[in-house]
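Since the structure comes first, as structure tokens, the remarks are kept for the end.
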Amino acid sequence: MARTKQTARKSTGGKAPRKQLASKAARKSAPSTGGVKKPHRYKPGTVALREIRRYQKSTELLIRKLPFQRLVREIAQDFKSDLRFQSSAIGALQESVEAYLVSLFEDTNLCAIHAKRVTIQSKDIQLARRLRGERG
């Protein structure tokens, strides 16, 4: 464990004023007004881990079909206008895109872990793509 420098601190000395103690006791004994219960919150990371397990078990497509279809058609227009797609072709494209993204994020996570981090950053994606031999 790293050592830390000790610094002198002024001691306040004496006891706390009586007013503070009296107000604390009054707050404890007084009934709570409103009765509004705070919503339950999980610890940070708990929900994320639950979602990771859920999505690793599932096999359904995670990108919505219509937005993906619009994106494919928009990109295809740059190459040739009035292209038509079979629905199975768009489905196959979406399957391959999602498989590619999942494997890219797996490699990206390994790059972040190698750098002793738990948060992925853009430089991890760049390194993963560079190691795969992808450019552009």
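One is the number of the first residue shown, and numbering goes on along the chain from there.
Cβ coordinates come from backbone N, Cα and C, glycine included.
Straight from Swiss-Prot, the features:
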type	residues	note
REGION	1-43	region 'Disordered'
MOD_RES	K5	N6-methyllysine
MOD_RES	K10	N6-acetyllysine
MOD_RES	K10	N6-methyllysine
MOD_RES	K15	N6,N6-dimethyllysine
MOD_RES	K19	N6-methyllysine
MOD_RES	K24	N6-acetyllysine
MOD_RES	K24	N6-methyllysine
MOD_RES	K28	N6,N6-dimethyllysine
MOD_RES	K37	N6-acetyllysine
MOD_RES	K37	N6-methyllysine
MOD_RES	K65	N6-acetyllysine
MOD_RES	K80	N6-methyllysine
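Known features from Swiss-Prot, placed on the structure.
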| residue | record | CB count, 10 Å |
| --- | --- | --- |
| K5 | N6-methyllysine | 4 |
| K37 | N6-acetyllysine | 7 |
| K65 | N6-acetyllysine | 12 |
| K80 | N6-methyllysine | 7 |
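Nearest neighbour of K37 (N6-acetyllysine) by Cα distance, taken over the modified residues K5, K65, K80: K65.
Spacing of K65 (N6-acetyllysine) relative to K80 (N6-methyllysine) is 22 Å (Cα to Cα, whole number). In this structure the C-alpha atoms belonging to K5 (N6-methyllysine) and K80 (N6-methyllysine) are separated by 68 Å. When secondary structure is read from DSSP and collapsed to three states, K5 (N6-methyllysine) falls in the coil class.
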